[in-house]
């Protein structure tokens, strides 16, 4: 049974989730902690990697600070969960296409600088057509991101021909149509979102209602720590 969330309630929850201060400030990982992170390509080599913030194909419109390689890094506990999700996806005839994983704090800082630059609107049509840039701060972009803790991933499913399933909105579309249960999408698109959601839930990941692509492995190894080592 699912509780229907209104746009207002989702926005309030997301604001609390995104901007609540952590017990610890961000920190560069010690070698020991850094060694707890896994390059997902080494354990799931058949997954598809489309690491958006390494390239200019993202809402900022340029490579993002901290992404020195197109890699997906996750804490080893989340990596094990993702291996399970990948296995289940393959058994159902699908594959995982990964957009983002661990995100350095310096990348989040880059996002905040971008959102505060009112002169840069070149990606508006593709990523936030129905919002002003000033409306992105809080609900969509904040000074801290769960991705910096190492247990969160953004991804989708592809079919046997490596074509992404139609989810009704693009990755990183800043609009309520990206909410998992948005009523404007088709039955097929809703079914595709739930294929991904149910697969990730079964592997130990919790969904995020505002973004159909966003999942966090539970329990998180570092729920209150925001790392800043580069992706390389």
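Quick reminder: no glycine exception, Cβ is built from N, Cα and C everywhere.
Database features, via TrEMBL:
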ACT_SITE  211  active site, proton donor/acceptor
BINDING   147, 154, 214  Zn(2+) binding site
SIGNAL    1-25  signal peptide
SITE      103  site 'Transition state stabilizer'
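TrEMBL feature annotations superimposed on the structure.
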residue: 103; record: site 'Transition state stabilizer'; Cβ neighbours (10 Å): 26
residue: 147; record: Zn(2+) binding site; Cβ neighbours (10 Å): 24
residue: 154; record: Zn(2+) binding site; Cβ neighbours (10 Å): 23
residue: 211; record: active site, proton donor/acceptor; Cβ neighbours (10 Å): 19
residue: 214; record: Zn(2+) binding site; Cβ neighbours (10 Å): 24
Between residue 214 (Zn(2+) binding site) and residue 103 (site 'Transition state stabilizer'), the C-alpha gap once rounded to whole angstrom: 13
Spatially closest candidate among 147, 154, 211, the listed recorded positions, to residue 103 (site 'Transition state stabilizer') (Cα to Cα): 147
Alpha-carbon distance [residue 211 (active site, proton donor/acceptor); residue 154 (Zn(2+) binding site)] in Å: 9
Secondary structure of residue 154 (Zn(2+) binding site) (DSSP, helix/strand/coil): strand
